[in-house]
């Protein structure tokens, strides 16, 4: 069967195929631009946290802090990262090299995936899933596996003890944290991070879950500090006991990945506290938001304001874990586990039952 086509039809088919291929190319370029912007934003966020921690720590201890690398020392973290990148990457001669090399990557990737469900605005979220907060919890539970692999692959008793501590600590404090998130989901009638923020915006400043779930907020805060392994919960790398814990045998870029993962995790926890308890991108301060109409702004300016408000709340909240590092003493391992299982778990479970009862009453 022979199909006769005119020259005009052939040209139309060729132009259509060219336009489709151009659309595919533009789509790939747009994906790479989004990934680059995402990674650049996270990198800048981590650099700001490092600088903030050093400046606040210096102020608490009455020191000067970083001041030579760039104006006000803002380039000190870049200098440290560059130094670690060019250091020699040492491998333990009798360790498991595959586990030793895969551990830091798993720790970083599991934290990076958590940013998929964090909303910075109403339409500014990489993936608005119906089970967004529980996706974050399930992904964050992978990180201790990487730490355990690092400790086991190092063939070092200090590293292995640190890996075991990291796994035990994560399991102990992830259960209360999950129960607090479940209480928020019941209160908001959704597990989507965008819906949770929207449910808080209905009643303005007093609609924040901070006021409706004060017990859950305190438990979530303590559990998130333990998940980030911040003082007083930094038992997996306690220098007085374990040299550096699971990081003892690491150097160069692999050690830098652990350093990066800890600050990424801290930023993720602060952003989720902002989303779950502090109203997210909504500027809900009475009278001011109504006078300027901040929450009604749309377009590029509205998106910019939403990003700024979310990051401002998150970074203001970071003062709590930073100051706690230089204020509270480190717990013993038995005290840490007892506090998680015997204190936080019953309180979070009681808070969940109380929230469930109140929701059933209002049905």
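Note: Cβ is positioned from N, Cα and C throughout, glycine not excepted.
The transmembrane segment annotation in TrEMBL covers 28-52 (among others). Same-chain residues lying 6 or more positions outside the transmembrane segment (28-52) and placing a CB less than 8 Å from one of its CB atoms are 66, 72-74, 76-78, 80, 112, 115, 126, 260, 263-264, 266-267, 311, 315, 318, 322.
Annotation comment: TrEMBL describes 97-117 (among others) as transmembrane segment. Cβ atoms under 8 Å from those of the transmembrane segment (97-117) belong to residues 38, 42, 91, 125-129, 132-133, 135-136, 139-140, 142-143, 145-154, 193, 246, 249-250, 254-255, 257-258, 260-261, 264-265, 268 of the same chain, restricted to positions at least 6 beyond its ends.
Per TrEMBL, the feature transmembrane segment maps to 129-149 (among others).
Residues annotated as transmembrane segment in TrEMBL: 256-279 (among others). If you look at the transmembrane segment (256-279), the same-chain residues 6 or more away from its ends with a CB under 8 A from one of its CBs are 42, 45-46, 49-50, 81, 84-85, 104-105, 107-108, 111-112, 114-115, 118-119, 133, 136, 140, 143, 150, 181, 184, 193, 196-197, 200-201, 205, 207-210, 213, 217, 220-221, 224-225, 227-230, 246-247, 250, 310, 313-315, 317-318, 321.
As annotated by TrEMBL, transmembrane segment applies to 299-322 (among others).
Beyond the ends of the transmembrane segment (343-362), by six or more residues, the same chain brings 173, 175-177, 179-180, 182-183, 186-187, 213, 215-216, 219, 222-223 to within a C-beta distance below 8 angstroms of the stretch. If you look up TrEMBL, you'll see 343-362 (among others) marked as transmembrane segment.
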Contacting positions for the transmembrane segment (299-322) when only residues 6+ beyond its ends and CB under 8 Å are counted: 45, 48-49, 52-53, 56-57, 119-124, 221, 225, 228, 230, 266-267, 270-271, 273-275, 278-283
